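The following features are taken from TrEMBL:
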REGION    1-95  region 'Disordered'
COMPBIAS  10-20  compositional bias 'Basic and acidic residues'
DOMAIN    193-280  domain 'Association with the SNF1 complex (ASC)'
Amino acid sequence: MGNSQFNSSKDGEGGPDREGGGFSDYQQTRTAAGAPGGFSDATFAPPVPMGDGRRHLYGGVASRDGTARPGAEGPPGDAMDVEAKADEGEEEEELVPTVFRWEHGGRQVYITGTFNNWEKQIPMHRSGNDFTYIHTLKKGKHAFKFIVDDEWRFAPDQPTVADIEGRVNNFIDVSDFVGYTGEENFEANRLKQLEANDKYSQCTPDLDEYTKEPPPLPPHLRHIILNKNPPANDPSALPVPQHVALNHLYCTAIKDGMMVLGMTERYKQKFVTTVYYSTMPG
């Protein structure tokens, strides 16, 4: 994890390990984008399944022809102990809590990347059709990719980077993250960043930022209680509204110079719907 991974000299790819999960060849489009500064193509390359279904792993490294690379048996125990002690002696780096999102469906979604050396497939938490996962990253640039129903996928709505063979990964840059260190210091750092960005440039703004359509109305808000027929046993009462429709202001189109507004509120176990009639000037 961290910037050191992006300067790795690995020339192979490794496959993430996941219990009970198979691999299938991922499909993706080639892009002409180059790797941004500080990235290593070898490190960015995601694991590729071998032709015979086997995965030769050590530290996320495998040869392209499916055979284990020489010297891939792993370092001796003494070397690992030395590395562990060295890590313990290093000063703790600032970690950045980062939310990863997948919003393109699927039954089971996993994530892996340079933050875990492409070694593990981490299950993401599902909420409806979206999947999220929170991971603390070291400051720097990190590449990642999703495994959706055992297929390698990248999110097209997130920043991407392609290696020389056309494999596309998502990436995120948390180098400029500023942690909250107190109201006074935090505000001073924020103003300093704003001053640094307050410069003239020749960059054309993205038109999509100004032409985006408003978000669609959630389906559950389309059930307007004033548009429903009253119960047959009590025509003077309205049906029980959905709780998600409470405290929302609904309005009709202006007709004959009149606009009608309605809002439903709850008091203990009772629901009260108030209707406002407003005349339009002119």
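Even glycines carry a Cβ here, placed using N, Cα and C.
The residues of the domain 'Association with the SNF1 complex (ASC)' (193-280), classed with DSSP into helix (H, G, I), strand (E, B) and coil, number 19 helix, 24 strand, 45 coil. Over the domain 'Association with the SNF1 complex (ASC)' (193-280), the average per-residue pLDDT in this prediction is 81.
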